[in-house]
Amino acid sequence: MTNKKLDQLKKNEKNNDGKAMTTNNGVKVSEDENTLTVGERGPSLLEDFHFREKIMHFDHERIPERIVHARGFGAHGEFQVYEDLSKYTYADFLTNPEKTTPVFVRFSTVQGSKGSPDTVRDVRGFATKFYTDEGIFDLVGNDIPVFFIQDAIKFPDLIHAVKPEPHNEIPQGGSAHDTFWDFFAQNPESTHTAMWAMSDRGIPKNFRQIEGFGVHTFRLVNSEGQSYFVKFHWKPLQGLESLVWDEAQILHGKDVDFHRKDLYESIEKGDYPEWELGLQIITPDQEFDFDFDILDPTKIWPEDQVPVQRVGKMTLNQNVSNVFDETEQAAFHPGHIVPGIDFSNDPLLQGRLFSYTDTQISRLGGPNFNQIPINRPVNEVHNNQRDAMHQQNVHKGQTSYHNNALNDNDPHTTSKEEGGYEHYQEKVEGRKIRKRSESFKDYYSQPKLYLNSLTEDEYQHMVDGFSFEIGMCKSIMVKENAVSQLNKVDRKLAQSVAENVGVKVPEENEEVESNASDSKLTMEKFDIPLPGHSVAVLLNGDISEDTLKSYAKTFTQQGLNYAFVGKQPKDIDEDFGVTETYATAHPTLFDSLIVLSDGSDLNPDAEAFAEMSYKHNKPLVFNKQAAEQLKAAKLKLDAPGVFISDDPETIVKAFDRARYWDR
Ligand code: HDE
């Protein structure tokens, strides 16, 4: 199946192979290493037009990074709906199961700048551009289903609070500082999202294993004009996994590109990540049936109450050719919408609709950003918008206004039946007011529901997350205020965090009394397929090539990624060998560890490797000699997830579980 968007992008490709160098004006260049000077040691000349052009262009190569979500990575792919969804919508890409729709996805962190590490604790952006035949639909979502605020007018406050503090620009890439936790404590609507960010969801293992959420309530509209409230979900077919915080922090230094590398390499290998599109649907007559307001973006619709229907699949199967040209210049906007989809009155969504074009103008230099190749729709664009910076089209004809008679009134508008976008005719009336709806004011029930839905291990990770972040604040007042907020959700959580950060918990127990939970919120319920799992095999001493071959064969059959780690790199076969050394490999870069030893003196780096893998709850397998030698190491050989074996077939079973939290 061809991908129309990639075909379109191909037309803009520029390849220098076999080409002579020219200036931007097309003049061939004879010398590109020396400026024009008076004599060999004399001053440079102003007339050196080639130098002037080259250096001018270079001086302007950077564009402003995104104000939020600056650090990101994207890939191309396609989407196909499983069944005709015309019951709910007349959007063409959701009603024709024969059709594949090109997509471009950009994953991102929120707080950090463009060069910040991938593995920080943060919300991840999950923005999808569908290039449908009826125009572009952008689903600009996150990996956490709720947001910190309820009204867009508070977005600058939230972002000012979470970004590096203005007096010293610290910290980079994280929320573990006073202003963020001060915001948290003074703006109780942020409680729910903060709980998610402090849970394992805030430190995903990679982009392939995150969920995606549209967050807001949207509408689907069918051809009869009936509307349904909808929340969009992306469910990863790779399972859902997180890092351990200590591991994430080490990775900041060991590999700042950990997540982008994982995505890039998976796609290069043909190991294409896939997500199913999920819909939660609420009919208009059910709008007020819930104990939360469906317009409130700080609330989920618990899946046990409103099940997610999986309606289609997205596959990411092509890396970009150039990160700046495609990923950096991609301009997403929740207001890029197609017929059959519409907005709800969620005040956060409404504000976003206004905001995103502004940011593109300052980032991409003018209102023609839709003409940049990555942003062009695959269908034709015709209107009377003209001129402005960086216009790429040459518009023919005398008229650029509507209505006209000189050009037969073209470009003409079209009716809904012919594909023209029509807004859903929602009836609204009211007074102009600045007031938060009372129905938005329950800030603590859903945080409690989230807490109740976690496993014990996940709960403990959240305690650790809060303790680290609040513990990093300098102001005792901020710490106390933050703990007071937690006290309104759960007494035990507040007590544990208070103890860890050295403040008192409020005397009064204010917690929400509820056992309500949702079975779909824990990450541990997701199956994690074996293919893609990575294992480091540490070689101590002389391990025979036949042994290595038998390991390599089994791992390849099972779809595992592996690396043999030895003293020096060594080719064994055409396809494999010892590729890593103790200097280049690190336990945080692998999901599990095998140590094979011949009994000769154990390399101290091997012991450190095993201890760190153990600490991060990863599966460990030692052959008998290695186990004997590791008796003195800081690990327990009889702990869960530690296996002693040298049979590659049985070893693979150790990887059934990604982490042994019960260690
Ligand atoms: Fe964004 N957001 N946002 N946001 N957002 C941007 O647009 C904004 C919000 C999200 O990979 C900016 O092009 C406001 C919620 C993603 O390019 C900016 C509000 C959600 C991305 C902006 C929100 C998001 C952005 C910065 C509150 C999840 C990255 C650069 C009303 C549903 C897209 C840009 C990419 C980016 C504004 C809240 C997701 C400034 C005003 C809620 C994934 O326009």
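The backbone N, Cα and C atoms fix where each Cβ goes, glycine too.
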Message: Under TrEMBL, the annotation region 'Disordered' belongs to which of these stretches: 1-25, 376-400?
response: 1-25
Query: Averaged over the whole of the domain 'Catalase core' (22-410), what is the pLDDT?
result: 98
Task: With DSSP as the yardstick, break the region 'Disordered' (404-430) down into helix, strand and coil residue counts.
output: 3 helix, 0 strand, 24 coil
